[in-house]
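In what follows, a structure is listed as structure tokens, so that the remarks can point back to it.
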Amino acid sequence: MTRQLFVTTALPYANGKFHIGHIMEYIQADIWVRFQRLMGHQVHFVGADDAHGAPIMIAAEKAGKTPQQFVADIAAGRREYLDGFHISFDNWHSTDGPENHELAQSIYRALRDNGLIEVRSIEQFFDPEKGMFLPDRFIKGECPKCGAKDQYGDSCEVCGAVYTPTEVRNPYSALSGATPVLKSSDHYFFKLSDPRCAAYLEQWTHEGGKLQQEVINKVKEWFTKDDEGKGGLGDWDISRDAPYFGIEIPDAPGKYFYVWLDAPIGYLASLKNYFDKGGPRAKYGEARSFDEFIADPAVEQYHFIGKDITYFHTLFWPATLHFSGRKTPNNVFVHGFMTVNNGEKMSKSRGTGLDPLKYLSLGMNAEWLRYYIAAKLNAHVEDVDFNPDDFVSRVNADLVGKYINIASRAAGFLAKRFGGRLSSDLGVDGMSLLETLRAHRDTLTGLYEAREFGKALREVMGLADRVNEYVDANKPWELAKKEGADAVLHDVCSVCIEAFRLLTIYLKPVLPALAAQVESFLQVEPLTFAQAHRALGAHTIGSYQHLMQRVDPKLLDALFEPPAVEAVEPGGEDIAAEIRIDDFSKVDLRIAKIVKAEAVEGSDKLLRLTLDVGEGRTRNVFSGIKGAYKPEDLEGKFIVMVANLAPRKMKFGISEGMVLAASHADEKAQPGLFVLEPHAGATPGMRVR
């Protein structure tokens, strides 16, 4: 029975180039899609750029472009990656397309009519200089849990804490450096806490193998409430205030859908765009409209995603679809991240970053990487580690040494001695070997279906070992010199080519370009899994051309070579002229405690600080940090000050020292002012040496 599948990968955010994590996911999904096509199924494989949100709006403004043009320019570079790594999307679209506007608003109305949308007034940070509400990631400040500086408004990269932006200490706008103010605004919430949603999601996440067991275990945590009734599913804020680049919420002027509401709907929008362009009709003779197709219970819907976006795809997305009257996914396939050298996080500056375009520009074969990634992938949520030495070994030993060599060891004899024609009488041993290879077809199709690509490739290479054992046992190079052994030589070489064809069928989902070369060499129609049970017989093949080069280890050195670092001025300015230690020792730096902080009337920049420097009295110091700190947030903090600076008479009084703070030389380009704080344990009066 022919299956009909709708397959997607996570939508990349349209503010930058693809990274290796994107390519890994596309390769994983593409292998599965190509396998399904080779099994004779109808697959609609679509992608799109995630085009909305404040980050894109702000990046476009900095680039002097409209958001639409900014996104279009990013999208124009996608094809180089997708073609380069043989990713076979049927359609690539954008969440800013008219289809997504229509679908997002339609789905929202259905949720609203179902009583699952609620309007609430909330307080959120507003940048008075930019005149806009700030997204969580554009608010920075001190972590409310551990006190780490310069953390984002929703989570701490130091201690891992998650919090709301209003909990951040000493917040500032990452856009302007201004201190944000709290303003009230009506926001629209999807009531995920509604008992109907909770009941449905409890059922959906546990039925029919929709999720991997590791994912189910994680989802259970999100359902769980503590002894005080806290936790469990929370309502989802799906709105953002103008100015915002996104889709307007119906009947709510100045309100836009949060990007995570319309982004997954972009899966449907890309499919609709594909249908509207006539793609399925041209490819499969599909006569139905998008609406008819997507409503068909027999249509299977699959999403490949990274583990970092599991929450959205296993809770919000199925609930959004179900309660808007739409079909939910059959499966959400979650994968891990890509690391390098036994789990090290990738970093371009350290020379541990794998740049996909650099890989291609070095002339490295895309199918080396496809094979290597596939060999590491399984159906679990595990990270994939790229080890350069392992990469060279697997490609050279497996692909070239075991698989390609089979054809090269036989094709020359067939061409020279038999005009390229295969024998139809393959002998008992040869037939037994080929039957062994054919018998693995169902095992391999089961492994591909289950996304156990690593196991599948180990099976194939095990079969390649058997073929090479057959070659070594029969020694065609000796048969070619032996008088009267032509018939045996013909049979042995024909068995090798037939075995090579079977192995190529089994590898074709992973190595489509190489398979196309093999099809040309064998002079056969495109290979499918159904052909594994058929033999070529007395068939004439073409002349053998070299199919794949070995990996030169020097290419890996070049791939991971750190980019040349441009000479830059640290902090935006040259290091000051060199001084002697005696000069530095003249400056007396001391720890001080801020006893009191208050604004200075008539000054936009100054705060009046009352400091305890451990002298038995307090000092009065004026500091130009008003734009970065609220007075009430400074009281009780420990700072570093210049204690032996001569008192200076100012318009507002006498300043008895200087508080140390850091900033970039160009504060407009890189805003932010950061008072220096000592580690816990320092006390007033301690000298900084």
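Just so it is clear, glycine is given a Cβ too, placed from its N, Cα and C backbone atoms.
Bear in mind that the values here come from a model prediction, so they are computed numbers and not experimental data.
Look at Swiss-Prot and you will find 12-22 tagged as motif ''HIGH' region'. What Swiss-Prot records for Cys143, Cys146, Cys156, Cys159 is Zn(2+) binding site. If you look up Swiss-Prot, you'll see 345-349 marked as motif ''KMSKS' region'. What Swiss-Prot records for Lys348 is ATP binding site, and it gives sequence analysis as the kind of evidence. Among the features that Swiss-Prot reports, domain 'tRNA-binding' is placed at 583-689, with the record citing sequence analysis.
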Densest Cβ neighbourhood among Cys143, Cys146, Cys156, Cys159 (binding-site residues), 10 Å radius: Cys143
Secondary structure content, the domain 'tRNA-binding' (583-689) (per DSSP, counts of residues): 7 helix, 44 strand, 56 coil
Per-state residue totals over the motif ''HIGH' region' (12-22) - DSSP helix, strand, coil: 3 helix, 1 strand, 7 coil
